[in-house]
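This report refers to the structure that appears directly beneath it.
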């Protein structure tokens, strides 16, 4: 009777262990389904979700740092055609994107909004005050040269002389960035003028409520579903999100697409590495090498080449002429590391020292939610000028020159408080569920194996003692 009770108990224990193991196994797909459903629900852009709270107002502080290229030999360049020599000065840091989105309107799984622009100087993060003076290319002279046909260069020459202007000028950081009254053009001009009090957009994006794969995807910008700056349907496409977030459950085998109004086009980024950001696993994405490649390397970029004369018959890499979306100002955007990776370009302006570490653009994306938790956007702003037989300050210029003025580094990163909240709200639940799944599975299998083995031993000894002894 005792042996029977023991065998029944062991058999019951084996059954119990098997049930625990089965429960643990069932919880794996069920738990994953629960996690997936929760993440998708919280990723939708609508009132009350985690995505909405982070979307309507940027949680992390966003800073835009500027490094100017201070020209050390302006007189020699104008009078003797000397090679320009520059010294990098900066950073001059401003807090940006601190204003929440405005005019937020939801309609049929979409949301339309305006992005207010503003910049606040941060002295503690700068090398000097906004009143520091820098010698840079004269924006008015370069602009007038580009916009005026050769037959009217005499008019430009008279304007330059009457206002005592030259190819280079010395202005404060504040003036160069945000605007100053130019005596030659008789208007306020500046690299980012006007800025404070203006808006980017309006944007219309998908909320993801009907299809989470489209969350944050830009459907229109300034009321248009495509751009009008480029003479080609492909280049005018608006692809992806604004890079602040992507669809959840990111597949690192696929590139991420986003649109940047700063460079008036869409770009893509590819997976580079997996990193740890304050205890959170993130995917590092960087711009693909062919983003600003010359058309002979990447034929898709042919439609971005607007002036074959300036770009050496469209063979120049790393530079993008955005004059068509900047009121025809001769502004060329570049990725510093790509543009001056060319020996010929490095020789045209001395003093440049680009490096991937300081000049590459990247995004660190949390793969489960698709949220961008850290990013660095590095862009160099250049202007173009060229030779002229009439304009005195350009008579010594030998060729079209894309001249560097400033490069900027816009950054934001998850702070410790937000990281802890992020881990507590999402990852602690995921980890708890995973531990429960594995524990039930492991304990169940152990109990089953132990009890079933003991049951076999007891039964063997009771029924066939001599055989079992051998």
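Count begins at 1; order follows the chain as displayed.
Keep in mind that glycine also has a Cβ here, set from the backbone N, Cα and C atoms.
Pulled from TrEMBL:
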- 235-303: disulfide bond (DISULFID)
- 264-325: disulfide bond (DISULFID)
- 305-314: disulfide bond (DISULFID)
- 435-458: transmembrane segment (TRANSMEM)
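Taking the features listed in TrEMBL, we show where each one sits on the structure.
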residue	record	Cβ contacts under 8 Å, 6 or more apart
235	disulfide bond	227, 229, 265, 303, 304
264	disulfide bond	227, 229, 322, 324, 325
305	disulfide bond	295, 311, 314, 321
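Taking the Cβ of residue 303 (disulfide bond) as centre and 10 Å as the limit, one finds 16 other Cβ atoms among all the protein chains shown. Taking all protein chains in view, 18 other C-beta atoms sit within 10 angstroms of the C-beta of residue 325 (disulfide bond). For residue 314 (disulfide bond), the number of other Cβ atoms no farther than 10 Å from its own Cβ, over all displayed protein chains, is 17.
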